[in-house]
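Data block below; observations after.
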Amino acid sequence: MTTIQRDRSSGSASTSIVGSETGYPLHDENVGETRANEATSLLGAGASGDGKHDGPRKDSWVGLEDFEGFPWWKKPSVWWLLVPYALFTLAFGGSIVPKLQLIIDLICKRHFADQSASDPSFKFKPIVLGADNPQCSGDPEIQRIVATFTLLYSVLIGTLSSLSAPFLGALSDRYGRKRIMVICSAGGVVGEVIIILTAKYPEIVHYRWIILGGFFDGLAGSFTAGSVLSHSYASDCTPPSKRSVAIGYLHSCLFCGLAFGPLLAGQFVKWTGSLVSIFYVTLGCHIFFILFVWFVVPESLSKRRQHIAREKFAVEQEAMGPVPSWAATIAKHTPYGRFFTGFTRSWKAANPLAPLKILFPRGPGTAKLRRNLLAMAFIDFCIVGIAMSSGPVTILYTELMFHWGTIEASNFISLVYTVRVVVLMGIFPLINYVFRTQPEARRQRESGVPLVEKNAGADMLDIWILRVALVSDVVGVAGYIFARTSALFVACAIVTAFGGLGSATISASLSKHVPADRVGQILGAVGLLHAMSRIVAPAIFNGLYALTVKTFPQAFFVLLTGIFASALVASFFLRPNLFMEEDEEPARSSDAESSRSRQDDDDEFLPAILQESSKAMTTSTAASPTAAERSPIYFGPFEVTNQVFLKTTHSFALVNLKPLLPGHVLVCPVVPHKRLTDLSAPEVTDLFSAVQRVERMLARHYFFFSSPPSSSPSSYPFPSNEKPGGSFNIALQDGPEAGQTVAHVHVHVIPRIRGSTAKAAETPTDELYERMADEDGNVGGAQWDHHHSHNRGNNGRPQPGGKFPSIEDSARQARSMEEMEAEAEVFRNVLAEMKREETGVDGDGGNVRCNP
């Protein structure tokens, strides 16, 4: 993957045309290009997809424009996820202690039973699951077996989830979040079923079968993948300015689950009198999560965005080389052949640490971006991974120093996590409103230009929230070292609770550094680090505590303080407004060959064009079926796969549903940008190179035959007495006010056949332009009619527009040289102002292009 990094300050994320009503962003191409990003790369900006244009909404964000016009219950939102995710975390938090207690009792029961079988004289009290069994807790041999078993169980889940979480995160970028979240929770269902069977039938189902449940749980990603996918869902449907708050809500659910799950589980066991009952509840939570997500929660990735992500992935897979012949044969005869082929290629190049490569963008000029990603990954590892693993040792320390029991420890945990919930649900949204939402609203009022949110990396508010959160962690944990009373220890814990701001901010900030089709991938890479921390951190913390508990038990907190201090130092290496995007997709060989035929820049086709290599023409048209078979092609919201006759790396050409003249076709970028300024430099180059190639093809087909080609309708006039040749109209309606009826950049290529469809020399105007702005040229209306033939109404049908006002030539007065010079000076000043903003002069941020 080739990457770029862009550096843009929030104050100059876009520069609008002076006096423009639409205010779409323009950038000095000598400094940088408007690149596709989390919002615009997949959805663009500008007119709505139905052809209507009401102007950009206040604080609008294009990340949800694929869902415009949908009823509220089909629009994705983080609010849909809060209830099922809260139950998911309650099931996770509530089962931790009962599961450990069940394992102890099962091992104890089996151990004493085996001992009694081998020694009939051995007598022991009956083991009651979930009851107080002192004969189990006081036996060193049972403690050893339990420690070994739980270590194996934890390492198995941690290892498998470290492998599966990144894979599932990246897979969700291509196939949607919902179905992968269901897969993730299905692993928990299998695990809970096995635990229930071992508890209900301990004489038949050996407790070691719990390892199998851990295997399925880890294979499905466990809680690690569940968090990754939930954060990815929130990132998909939340604007960058509110994303930290949205992920903060999910973290609040997590902390609620960890705080109240054990308490509720304990009370439920007391109420029912059965330890097994809590596992029925957790099983019910998993099943409810699956059903609610599958049937109620709207998918956050539209089918179009999924198709685009799969297309990019397919190109990357092709670059890895062919699969073995046996794998290709199996893939050819299975329903999920493409998935099997991708899995085979991935297995062929298996590397457990491969998901982390997204944190190491390569190429010239990516040093700042790489530093940001690595620093954020390290900070996230410390805040989430390390901090979560430090809890058990902290509880052991309080039992040693303050003689706390189960009730005191539970109250302590509940208090800390409750404070975190208050911080994330109350204080964090207020901070975001005061320091981000209000300033943006003020800038909008002052400029009069509606703000369209775009992904531009972490901003300074994100970075300072991280620093403040890490300071609270450092101060609070350092306070643990010196606290000698329980009250002071609790006060220090409350200070550390404000570090919860960092856990939500870091996940949101990481998602802002990558395009939308990489969110699951980068959060999956972070999930790999979380899973690794679940394996490594407990061993280090417990080992250190065991070594120092008799001499200096605070050594653990010294180490923890050092870790958080390192994270705080790393936060000062972060720079705002850096983000990554793919520059160009890996080119297929056919595209590389066809690019050699894109050199001619004639304005009118001459007979010399006949010398164009037929091989290049054949290669260019042959590329289309392969691409079409790989994934459907969309023109705005309409699938046009079967209408496409040319497919290049970044563009495609399609025949027109209702052509104005014979040969009237459209050329579009593959990524559905809405405005020409949204295209990257490679996309612009590829788009107009494709226009040139289509011109050559149309000229060959229409201009140099003495009779109509067999593929043309007989009604198309081709005079036999005219010298072959002709010209072209090339038109681009950039926005709804210009007559664009499909919110997807498209170039009209219209051949004007000499003596037939050419403009008459004696007429002052060309009727073609009037027809293009009228119903005859309503491309969106024609597509709408074709795809909504069952709907007789016109609700939502795009309407034509963009006609030039009728102005007589006699009314147009020539301007003086002074007037033209003055206007040129105004434009030079605007360009200079744009360049100052984009290059960061006078303290403003810029838009810096770093060539890979």
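Using N, Cα and C of the backbone, Cβ positions are placed for all residues, glycine too.
Of the listed segments 465-487, 488-510, TrEMBL assigns transmembrane segment to 488-510. The most densely surrounded of the binding-site residues Asn656, Gln733, Thr741, judged by C-beta neighbours within 10 angstroms, is Thr741. Around the Cβ of Gln740 (substrate binding site), 26 further Cβ atoms fall within 10 Å across all displayed protein chains.
Just going by CB pairs under 8 A, the stretch in 180-201, 207-234, 488-510, 522-546, 552-574 that sits most against the transmembrane segment (373-397) is 522-546. With a cut-off of 8 Å between Cβ atoms, the residues of this chain six or more beyond the transmembrane segment (552-574) that come close are 371-372, 375-376, 378-379, 382-383, 386, 390, 393, 397, 400-401, 458, 463, 466-467, 470-471, 473-474, 477-478, 480-481, 541, 544-545.
Within its own chain, the transmembrane segment (246-265) has Cβ neighbours under 8 Å at 78, 81-82, 85-86, 88-98, 227, 230-231, 234-235, 238, 278, 281, 410, 413-414, 416-418, 420-421, 424-425, 428-429, 500-501, 503-505, 507-508, counting only residues six or more beyond its boundaries. Within the chain carrying the transmembrane segment (78-97), a Cβ under 8 angstroms from the stretch's Cβ atoms is held by residues 185, 188, 192, 223, 226, 230, 233-234, 237-238, 246, 249-250, 253-254, 256-262, 264-266, 278-279, 281-282, 285-286, 288-289, 292-293, 296-298, all 6 or more beyond its ends. For the transmembrane segment (488-510), same-chain residues at least 6 beyond its ends with a Cβ under 8 Å from one of its own Cβ atoms are 231, 235, 240, 243-248, 250-251, 255, 373, 376-377, 379-380, 383-384, 387, 398, 401-402, 412, 415-417, 419-420, 423-424, 427-428, 431, 457-458, 462-463, 465-466, 468-470, 472-473, 475-477, 479-480, 522-523, 526.
Taking H, G and I as helix, E and B as strand and the rest as coil, DSSP gives the motif 'Histidine triad motif' (744-748) the counts 0 helix, 2 strand, 3 coil.
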